[in-house]
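Reviewing the structure listed below.
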Ligand code: FAD
Ligand code: NAI
């Protein structure tokens, strides 16, 4: 029977990164994963993120942005293009190529770091002294491996809607939404969260009429509401996404199309028929088949594996990271927890500040933030000052033809320490890193105001927002 220092269950961005760091630290490491490729005929490492999440969605967002730009933005640059056609199947093929390249990259990294990659469903079997026994089930062929430390990184799965089952033909989850080879004339989306907005944007840009039905009365409730309101205006007024807030979804029937009955916020009964329906109402932790009962691994009332701030479970030497534990379901949060756990196993003392996890929504304009929102600061009774600056007069944004959006810096009135940075605008997914660095280093808004920002760059908007927090904006 093979014995390891560390066994990781799950090879998503949490698990595969944890395995690499454990191997780097000198541990004999194995990583078990049950993921298969799109064709279903070969293992595919990388989890949700690489196969059916972050990466494929960004590939489609990019393709759809190009299609939109060639139709709507090129003319003002003096570029005339003839007969423009869109081939959805080709877009999906390109996306699949990127997925294959990256999932193959994880396989290569495992080989390079001498990590044993075991294919199959991993489950707890019991204990042999200090060692945990894990069964690996590869289509009925079962083997048992043992390790002193186990890191559970089994991720999450889409939250089902009780009214209708996902068939990924007409009623789609993220997998189906990323694999449409024809543009649906009418697309319905349930949930105006991150997936709803990103996938809705993709299919809207390539020609679908998109209606998003959202249960919550507030749009993007977790985001700073000034930014959320600006985003809502862009998406509905400028881009033509229909977003209906505060709805109650009733009966859903799938046949030729998908018919959704719902009640509006004003209590009006409505029925809409869509060619395809995407259900994106959040994700739930995945502990399917893990057999936590065999060793008494505890879950909380929502099904997440219970962990403390250091990702320790109720069992000695069993750790859990990523989407299967509390906290935001984000790839970078999963990876950072993976690194930290491997280092804790090695006796190091890493620290993750969960207040400094950046959030990004890859719409156009993009939305990004780190730290506290104004709403949170008010609720906590923190006295804060704010500085805002727009992209409208930023030279680089104008040159790019993307001069829309705002950056807001929130800082403590007493100490000037930056408490939150909120952005909507071009490529703010990249700009938010300066906000993260500021929070990590406890920077003041004056620090950012005094740092030289290259000209002409989009980062000058953040510079101006920091100056504005001290009421000395130069261009505002
Ligand atoms: P996963 O990536 O879910 O990996 C878990 C792995 O464990 C899978 O490979 C699964 O097959 C395997 N597994 C599960 N159970 C077992 C078992 N018993 N035995 C063996 N293997 C098992 N996050 C971002 O930060 N940025 C984004 O832009 C972004 N975009 C997204 C877009 C979409 C459409 C979706 C759905 C998600 C997106 N996310 C994004 C979220 C991100 O994908 C997740 O937060 C991240 O993948 C979580 O990583 P993980 O390692 O915890 O789990
Ligand atoms: P989400 O939590 O972002 O949004 C779900 C939305 O559905 C919420 O607005 C919620 O109010 C709504 N909702 C819930 N039940 C409903 C119902 N019965 N009827 C109508 N609306 C309902 O979840 P989403 O979009 O499914 O994405 C899952 C997770 O994946 C995200 O939370 C995020 O962690 C991750 N993700 C991250 C991305 C990024 O970082 N750019 C991109 C895509 C996903």
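Just so you know, glycine gets a Cβ as well, placed from its N, Cα and C.
Automatic prediction, not curation, is the source of TrEMBL annotations.
Noted in TrEMBL for the protein shown:
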type     : residues                                         : note
DOMAIN   : 4-338                                            : domain 'FAD/NAD(P)-binding'
DISULFID : 49-54                                            : disulfide bond
BINDING  : 58, 122, 154, 155, 156, 323, 329, 330, 331, 332  : FAD binding site
BINDING  : 191, 192, 193, 194, 195, 196, 197, 198, 214, 282 : NAD(+) binding site
DOMAIN   : 357-466                                          : domain 'Pyridine nucleotide-disulphide oxidoreductase dimerisation'
ACT_SITE : 455                                              : active site, proton acceptor
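Considering only the residues assigned to NAD(+) binding, 191, 192, 193, 194, 195, 196, 197, 198, 214, 282, the longest pairwise Cα distance works out to 14 Å.
Less than 6 Å separates the Cβ from ligand 1 in the case of 195, 329, drawn from the binding-site residues 195, 197, 214, 329 in sequence order. Considering only the recorded positions 49, 191, 193, 195, 197, residue 156 (FAD binding site) has 49 as its nearest partner by CA-CA distance. Scoring each of the binding-site residues (154, 156) by how many neighbouring Cβ atoms lie within 10 Å, the top position goes to 154. Secondary structure of the domain 'Pyridine nucleotide-disulphide oxidoreductase dimerisation' (357-466), assigned with DSSP and counted as helix (H, G, I), strand (E, B) and coil, comes to 40 helix, 33 strand, 37 coil. Taking 49, 58, 156, 193, 329 as the candidate recorded positions, the subset whose CB lies under 6 angstroms from any atom of ligand 2 consists of 193, 329.
In this structure, residue 193 (NAD(+) binding site) belongs to neither helix nor strand by DSSP; it is coil. Looking only at the recorded positions 49, 191, 193, 214, 455, the one with its C-alpha closest to residue 58 (FAD binding site) is 49.
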